[in-house]
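A.B. asks: Once you've had a glance at the structure underneath, I'll fire off some questions.
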């Protein structure tokens, strides 16, 4: 919004003011001090210090850039100018008639700013000397007046301060004061500022100067007199409320915001409303309330800077009110009230005293010309005061309305496309649709808005175009995102489909996919980028190209990984049979056979990889790395297979088989049938020792050919090159000493069991039944056999039994018949027990019979109640007989 007024430089170094003026006599100073001591103190902070009473204390030594927080060294002896005691130091320094001699003639006035907004500061210092204020230091005040043209502002100032501003000729109402005039009040250290009136017919709608002059008065004066007629109170334009609103708004942003950010003290100004032609019908209190309400409403409507969001009107302005009767019709009353109002500017003891310490701007008098010039330059350069005329206001209002209507129609037309874009679709006609809807909105605006102020129309059209482009930007970005995703997927599909062909070149597939995707991107974005926009697609294009290359690298890595996995499967399959066969035939060349198979498989896999990797467009370094990884993987697979074949279970089985081949079979492979004459002990010891000798052979990978060992070391690499793959030295020890001892101990137990079994076989062969025993059985049983065969009844029964047994066996009815027989036996036993119990107890059978439940298969299930009965034993032992068979008894066939 603008610089803080405190930052406006006065001068690099102001010439020291001449204090060659004769000091007042000591008796005069003492008299003035005695007179001033009877005046009530000003409303200042209780902590402020009191300055020395000598006028020399006001002599400035150097002018520095204006800032309320900068110390003006030498301005006051030993005092900080930010201290209010400089301004309210003593009655001598703040009394209007003490610093300069009394003027008996009217002072010359100075046109500070002319009607063309030109600042005249060349004669300022000369006028200060003529007015006797060049040595005033801080002992001066500034008062300005604001009001409508021809309302008696200059007359009021002349009567209050004894100035000689031009007044209007009452015979013709026309502009009198042009620009801003400055004059010293007679016998007072007051600079009075007469400001050109507002709402004059000479300037018409051009309100630029009146806003700038009002802001200048508000920013520089301690007291701003707002001159108005009584019948203007409550009006917005007539009471200058519109002007005050603009001035207050710019004053906040231009002058006060910088102070708030810097932490400086807030400057306050007194707004003294002088109500002219007051007749008393409406009490002053009511008029005062109306004005206060209007000002509070204006303050609430201002857009405040961030640092002053919570600021109140009272933080920057105090309000004062005074009334004056009609100057012509009530001349005596007017003169009397002028004297009363005059005392408020003179009498420090008056409770309504105007020039209080907190209103002073803390600018020394010798730096005032530069300060005022800097403030005016800042106001002139500020664009916030260049407000439009009525025609421009109308054009702004109507153009805004038309632009809003066009924007709504545009948004409604574009909303239908949003859903499809959000769904991830690429709209081929989006560029044409956006251009068409934007052109329609601009045409709608041009049709109605082109009739208004052309400058406003052009500016608003540009604003509308910017707004429409901003509304289209999300569609543009969403289309780019969808296009990015679609082209990435398309390129991925092209590459993946190409890799499914029997013979393909991965590099050509990648180049083809990327070229096709980038061509489609360029074609679509050429239709998508609209004229009169600053849209660029360079970043999105570079991002898409990077992602496609990343995708190609990822797909190539996937293909390489799949190739490696397939080759590892082939290695596992190719290593399984040779290694297992070599380890199943333990001899001195066992590890030679294993490592030879390992080298053969490694060479085959490396050749297969190089052949198939040629189509993947891999680099030589990548091929070397992949082959090394495959070789390490093959070493891990070999170790895995070796450990599998030398596990405790497998190795124990293999040792047992090796032992049995030598113990249970002869040299020709014929199973041995042990005879008492065989030397079992010698055969056992030889077989056992030969088998135990295999354990150290399995325990360590130790080929007879040193070249095989060296080749494995070169393939596997050093231990630090791979943390996952063990080195040859780490992996060559297959079985630990403890594991070897455990396996040997287990084998010995199994061998001992085989030895004992063989020994038992020889003993059992010696203890067989003699053959002659069978002859004895035939001789002794001959008579019984003949008796059965010769007796028709026995023979018939024998035949029936044999026939029944044959049928049962033939029909596989043995189990059901046995189950039926068992069930009948249980039933008969239960029936017998029941009959016997009935006989012994003398109770009817129905009372003691257990409930029976028949199952579909014909078996009986007993569920008996626990009925106590007498013991059946004759020994008299007390038994609690209870039928506890609560579960069904099913046939044995179940």
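Cβ coordinates come from backbone N, Cα and C, glycine included.
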A.B. asks: Transmembrane segment per Swiss-Prot: which of the ranges 706-726, 727-747, 748-768, 769-789 is that?
C.D. replies: 769-789
A.B. asks: Among 793-813, 814-834, 835-855, 856-876, indicate the range for which Swiss-Prot gives the feature transmembrane segment.
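C.D. replies: Result: 793-813 is the stretch Swiss-Prot calls transmembrane segment.
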A.B. asks: According to Swiss-Prot, coiled coil applies to one of these ranges: 488-511, 512-535, 536-559. Which one is it?
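C.D. replies: My reading of Swiss-Prot: the coiled coil range is 536-559.
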A.B. asks: Let's check the environment of residue 150 (GTP binding site): how many other CB atoms sit within 10 Å of its CB?
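C.D. replies: I count 20 other Cβ atoms within 10 Å of it.
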A.B. asks: Given a Cβ distance threshold of under 8 angstroms, which distant residues of the chain, six or more beyond its ends, lie next to the coiled coil (536-559)?
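C.D. replies: For the coiled coil (536-559), the sequence-distant neighbours (Cβ-Cβ under 8 Å, at least 6 residues beyond its ends) are 480, 484, 487-488, 491-492, 495-496, 499, 506, 510, 513-514, 517-518, 521-522, 525, 528-529, 616-618.
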A.B. asks: DSSP three-state call for residue 153 (GTP binding site): helix, strand or coil?
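C.D. replies: DSSP assigns residue 153 (GTP binding site) to helix.
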A.B. asks: Could you check the binding-site residues 147, 152 and say which one's CB has the most other CB atoms within 10 Å?
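C.D. replies: That would be 147, with the highest Cβ count within 10 Å.
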A.B. asks: Within 10 angstroms of the C-beta of residue 149 (GTP binding site), what count of other C-beta atoms is obtained when all protein chains are considered?
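C.D. replies: I count 20 other Cβ atoms within 10 Å of it.
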